[in-house]
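Database features, via TrEMBL:
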- 12-30: transmembrane segment (TRANSMEM)
- 50-74: transmembrane segment (TRANSMEM)
- 86-110: transmembrane segment (TRANSMEM)
- 130-151: transmembrane segment (TRANSMEM)
- 163-184: transmembrane segment (TRANSMEM)
- 190-211: transmembrane segment (TRANSMEM)
- 232-256: transmembrane segment (TRANSMEM)
- 262-282: transmembrane segment (TRANSMEM)
Amino acid sequence: MKQKSIYQQFWRYAIPTIAAMLVNGLYQVVDGIFIGQYMGGEGLAGINVAWPVISVILGLGMMVGVGTGALASIKQGENDLAGAKQALATGMMALLALSPIVAIALWQFADEMILLQGAQGRMYELAMQYLDILIVGGVFALGSIAVPFLLRNDDSPNMATLLMVLGAVINIALDYWFIALLGWELTGAALATAIAQAVVTVLGIGYFFTSRAKMRLTLKDFKFQFHLLPKIFSIGLASFFMYAYGSFMVAIHNALFAEYGSVTLVGAYAILGYIVAFYYLIAEA
């Protein structure tokens with residue numbers, strides 16, 4: 001019976017997570033279709049050279065999300081609900097504290113990171129359009145990738161999936177509005193992404209203040225427990241390096257394609273990245 005229970009529990013978490021990642025992968029492909037159709041190879045190239053910079057934000061969000069979720073689960077396994085809530089609240093405050101630091105750092109170095117990938121002219125302009133918006137909205141990028149991990153560790157995998165699906169639908173709808181109808185180029189794509197991330201972050205964090213949450217939070221729980229940060233960061237560090245490695249490889253390829261190929265080749269590499277995202281996201285789930 002115990003083995004059967006573990007098996008059922010595994011699939012209870014695995015199926016919604018895989019479904020959410022597939023939806024997320026589909027959204028990325030549709031996002032690429034909008035950019036490719038309405039902006040061509042230059043648009044795809046612009047977003048591809050911006051991606052390694054954005055990955056820094058996503059990697060940090062995943063590090064905090066994975067670390068916080070795992071530590072909260074450990075505390076729950078020890079029947080220490082108060083400790084689990086402390087870990088959860090500390091993780092959320094860490095995300096909030098990181099966002100201005102990351103935004104300032106990327107604001108200073110994003111330009112150089114784009115230029116190192118060989119971006120020039122129109123490709124450079126489009127990449128900076130995308131980054132200017134998402135760096136400002138970095139707190140939501142951090143939150144949107146961390147929140148699903150926190151929800152799953154609160155025994156709410158279906159809620160995590162629902163939020164990811166909602167975010168994808170909002171993003172696709174706004175992509176059509178901003179890019180196809182208004183012609184806002186990568187500024188529109190970035191706004192669509194930032195708004196979707198904001199919705200996921202706000203609703204996800206709001207869930208922990210409702211009676212449905214096992215680790216229900218109140219404002220009194222938000223006391224920064226500095227001694228928990230090393231544990232959170234050490235647990236989630238591998239997830240950050242996974243993103244860092246991926247973004248480094250994309251940046252290297254972008255630089256080589258820009259140097260020895262053309263903008264079209266960088267755009268073609270972006271299309272390949274959208275396709276590979278399906279496999280990667282399933283494996284991540």
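Glycine is no exception: its Cβ is also placed from the backbone N, Cα and C atoms.
Unlike curated records, TrEMBL annotations are generated automatically.
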Leading stretch by Cβ pairs under 8 Å, where the reference is the transmembrane segment (190-211) and the options are 50-74, 130-151, 163-184, 232-256 | 130-151
For the transmembrane segment (232-256), out of 50-74, 130-151, 163-184, most C-beta pairs under 8 A are with 50-74
Please indicate, using numbers and ranges, the residues of the same chain that are 6 or more beyond the transmembrane segment (50-74) and have a C-beta under 8 Å from a C-beta there.
-> 84-85, 87-88, 90-92, 94-95, 98, 102, 106, 110, 113-114, 117, 127-128, 130-131, 134-135, 138, 141-150, 152-154, 186, 215, 228, 231-237, 239-244, 246-248, 250-251, 254, 273
Under 8 Å Cβ-Cβ from the transmembrane segment (130-151), and at least six residues away from its ends along the same chain, one finds 20, 46-47, 50, 53-54, 57-58, 60-62, 64-66, 68-69, 72, 88, 91-92, 95-96, 98-99, 102-103, 106-107, 110, 114, 157, 159-161, 163-164, 167, 186-187, 189-191, 193-194, 196-198, 200-201, 204-205, 207-208
